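Taken verbatim from Swiss-Prot:
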type: BINDING; residues: CYS111, HIS154, HIS158; note: Fe cation binding site
type: ACT_SITE; residues: GLU155; note: active site
Amino acid sequence: MITMKDIIRDGHPTLREKAKELSFPLSNNDKETLRAMREFLINSQDEETAKRYGLRSGVGLAAPQINEPKRMIAVYLPDDGNGKSYDYMLVNPKIMSYSVQEAYLPTGEGCLSVDENIPGLVHRHHRVTIKAQDIDGNDVKLRLKGYPAIVFQHEIDHLNGIMFYDYIDANEPLKPHEEAVEV
């Protein structure tokens, strides 16, 4: 079971590496890692389990965050606010297309690998199309917008050594870009 002690923190070199693509079939170890990542997200969102194990709540986790520089992410978002849920374990995810229009969370973003609150708006694409494989190597294609699009972009950034705060404007951290949509 993954706990907070397994999640590496900001400053660890793995968080700035470009993760390696995986080939199929996945090793049993990689499959177990991906399942454990999903399990962490579910546990972190369960109040009792999170309290028992000292877990911070999360909706996404990338393998580099547990010091595995591999292109694997898990997203567990039981309700996106519009009645749609997202429960994915993805391998080698890629953003294939994206909207010009940007979106941001008015409260900024957080990260399980970043302990402190870093104020500032993170502008991302409002819509994205993602291609990946599931744990068995089947092709997956997702069209996302709004909050789910932001979550998946955040996790894919981890696979490329990018942290959310890299996008925050140092001069005007709380100023929304023109035409950007608040999510």
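Every residue gets a Cβ built from N, Cα and C, even glycine.
What Swiss-Prot annotates, mapped onto the structure for a quick look.
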{"residue": "CYS111", "record": "Fe cation binding site", "Cβ neighbours (10 Å)": "24"}
{"residue": "HIS154", "record": "Fe cation binding site", "Cβ neighbours (10 Å)": "24"}
{"residue": "GLU155", "record": "active site", "Cβ neighbours (10 Å)": "24"}
{"residue": "HIS158", "record": "Fe cation binding site", "Cβ neighbours (10 Å)": "25"}
Environment of CYS111, HIS154, HIS158, the listed Fe cation site - residues of the same chain whose CB lies within 8 A of the CB centroid: GLY60, ALA62, GLN65, GLU109, LEU112, SER113, GLU155, ASP157, MET163, PHE164
Quick one: pull the CA-CA distance for CYS111 (Fe cation binding site) versus the residue listed as 'active site', whole Å only. 10
